[in-house]
Amino acid sequence: MMDFLKRFFGSSQERILKRFQKLVEEVNACDEKFSSLSDDELREKTPQLKRRYQEGESLDKLLPEAYGIVKNVCRRLAGTPVEVSGYHQQWDMVPYDVQILGGIAMHKGFITEMQTGEGKTLTAVMPLYLNALTGKPVHLVTVNDYLAQRDCEWVGSVLRWLGLTTGVLVSGIPPERRKAIYQCDVVYGTASEFGFDYLRDNSIATRKEEQVGRGFYFAIIDEVDSVLIDEARTPLIISGPGEKHNPVYFELKDKVAELVHFQREMCNHIAAEARKTLDPFLGMDVLPKDRKIMEGISEACRALWLVSKGMPLNRVLRRVREHPDLRAMVDKWDVFYHAEQNKEECLERLSSLYIVVDEHNNDFELTDKGMQQWIEKIGGAAEDFVMMDMGHEYALIEEDTTLSPEDKLNRKIAVSEKDTQRKARAHGLRQLLRAHLLMERDIDYIVRDDQIVIIDEHTGRPQAGRRFSEGLHQAIEAKEHVTIRKESQTFATVTLQNFFRLYEKLAGMTGTAITESREFKEIYNLYVLQVPTFKPCLRIDHNDAFYMTEREKYQAIVAEIISAHRSGKPILIGTESVEVSEKLSRILRQNRIHHTVLNAKNHAQEAEIIAGAGKVGAVTVATNMAGRGTDIKLDKEAVAAGGLYVIGTSRHQSRRIDRQLRGRCARLGDPGAAKFFLSFEDRLMRLFASPKLNTLIRHFRPPEGEAMSDPMFDRLIETAQKRVEGRNYTIRKHTLEYDDVMNKQRQTIYAFRNDVLHADDLFIVAREQIEHVSLALAFLILKDARADHCSLPKVEEWLSYSFPVKLDDQEIRRLGNVDAVADYIGGLLIEAFDAKFSSMLTEFTEIIGSASGAQGVCNDILRSVIISHIDEEWKVHLMDMDLLRSEVGLRSVGQKDPLIEFKNESFLLFEGLIRDIRIAIVKHLFALELSLTRSDRPDNAIPTVATAFHNHDNFRPMELTIIGEEEN
């Protein structure tokens, strides 16, 4: 029935395209109408449209004219020179109907899927122009600085011709220039540049003049799937050096390396013994039928199953897996030990290892044997694996009648410090093990100039300046014997998911989005629209070629490269890691094939390499070329030779990345072809392929070196990719659920902070904080609702120590209720505050000679005090939230939902944060002692406000310098 209705009415995509097509016709009509206008008359259309919008016309009503204007300008610019990235180019682009259609979709808030070479960059100009007419912030988000600069110079020339201003944000631009850039009508930049400016404005700026942004109205995200999906799990973090160096990584690095060495040696020994049994059968196509022989083979495969849990990449294990029958037998033991009835035997066998590595879930677990080895042979401490029960420890201290209250407090502090040290040591140990067991050099990171440089898993680019969080970076530094740097402390953080939710309107464009349409809809409320191509795609997509072993696969790839190279076709070979690209490069050198390698180690030559990749006979080996975001343009000889030939050395875990790699060829009607070569040893096949695959390869094993190619295998690959995509989607959604909790708190704190930055009278803000503290004290005093059992003595002692006020016990008891007591305490504190700052204001007025100037100085002082405590307490809160996030997962063992537990406890932490901020602010205001002095310079005095503090709590001396004018 649904199929019938779809055929009758058309799919939702078809209906939307049909509706938008009518607007395309209106745009073309406007374009023709504007052709008779002079350049000045056409430019005058921009202020006219702005006025019409201000007078109430909607952008939808203005769309046909605005898009028609852009198209007409593009036609007028044809043949004019445009300087792009230092090169002179001639403008030769006029939007096609499909580009206008894509531009309409983006204005309407769609993600437009447009194939590589279809002109997404020009398409974006139309919705950018239309939305910039509002005068509100309009941003174009790219995947790197180069594209931001290029697009601003290139298609930004259309916007500038029409009288709009454009700016580009790249790394290294100072704050004062950033502020000017944000004032432009349209701003180009990367997600990280926009995101970090948002964090700096809300966590680093101490005056409103230091804030650079002007809000979030409309954004178009180029390569939207890369930004909102691939990078969604990586938060933007502003951090600084921690207060102290954690020595645990240096202390434990050799011990952890020794434990991993024990594990490797044991697994190598087990594998070597198994190989003695299996060696005679590795060359056989069919295993013998003799029962006794098969029992021996089965036991050897059982031993290799154990090796797979200790060292999954063991060479013997990988060699045995090349034989389909032996591979099936190893996997059979895996299925056997996953069964509930065999759980005890599974645990017994795994207990013979030091560490159990779960390659599928990227995790590991130390066994009892591993712990024993750590303690007895390596010299580790038993305390490394035992956490303290703080409730029990505190109870023992309270029960000790020989201790005075002060001694009990000191004991509790000592126990708390001991617990913190144990947790830090245990955490460091786990991160060192993770670095050795799960993080691979030249895949996850490279070592350069005594530093660990992260490799972006999606683009293959080195991420200089970025560091793995939670001590993992220090652990890898220890593993690779480079300088171990201090752990960083987070000052501010936000995920890209929640950052882009700040925009009123959001749109995107990419060549591959339809496979992720569900995630775009559920998380961002964005719908994907597939835009037709301008010309039919001539790409030839060959079936995947499957090989039994990695060795056979590489032999076939080299043979294919040699064959295609003879025809003159330019060849692009896509690899998943630096390691694979360098391995393939060695093989090509051995075969004397001239080629160029583009990976994280030589990314600086990227533009030069890409420029030559489309020339006839070029061979380019590129790591994650899919994420490069740059088109490869063919010369005439390359087109005549058959166009770009794309070879994939493995399937990515995401179908979308594979589609991107295919899309690098056959752009805008050019010829081209793509083919993937796979082996059953590839990570995707090994970890996520269906068990049916083992059955198939056992029955259809081809001769050595011969490929298997069948749509059935393609479907199995797609199933494996869908399984991985589903898992990754769950992880991203899970991450977002936790960050949503943090996001609400972030918005509350940032709103409070901005109110302080923009407030004209900080005395009002200060009095509000005093009132809040007074209410909290009233609750504390009357928490039992009985004056006879209240906390009055403790509160009185604390108040007299912190503030210049003394409470009247009789008055407190007479008032009795919280509101009345709060008003009483607040009255005393506000009276003392007003007296203190009135005196200060009088003194400053005499020195400065201006009441308004003195008021400004006092406002600056109060603002500095309030902002400093918001920032300091927020940093501590971020650390507490990270700790809670890392610990709450264990609650599932007690049949509790970790997310619910996180929400409940984070709410309590946030309540405590607000209370601590207010108390710290109020205490600081009363602890402040100020003096104002003039500079000896007669022409331009600089009053210096030096603030000193009483010696209590952790207040640090601070100095403020206020620029002022000397009295004439």
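Including glycine, each Cβ sits where the backbone N, Cα and C put it.
Mapped onto three states, the DSSP output places Gly117 (ATP binding site) in coil. Counting every protein chain shown, the Cβ of Gly117 (ATP binding site) has 22 other Cβ atoms within 10 Å. Taken from Swiss-Prot, the feature ATP binding site covers Gln99, Gly117, Glu118, Gly119, Lys120, Thr121, Asp631, and the record attributes it to sequence analysis.
Listed in sequence order, the residues Met114, Thr116, Leu122, Thr123, Leu668 complete the 8 Å Cβ shell around the ATP site centroid, once Gln99, Gly117, Glu118, Gly119, Lys120, Thr121, Asp631 themselves are left out.
Counted over all residue pairs in Gln99, Gly117, Glu118, Gly119, Lys120, Thr121, Asp631, the record's binders of ATP, the longest Cα to Cα distance measures 17 angstrom.
Highest Cβ count within 10 Å among the binding-site residues Glu118, Asp631: Glu118. Around Gln99 (ATP binding site), the same-chain residues at least 6 positions away in sequence with a Cβ under 8 Å from its Cβ are Glu118, Gly119, Leu122, Thr123, Met126, Phe534. Other Cβ atoms within 10 Å of the Cβ of Gly119 (ATP binding site), summed over all protein chains shown, number 20.
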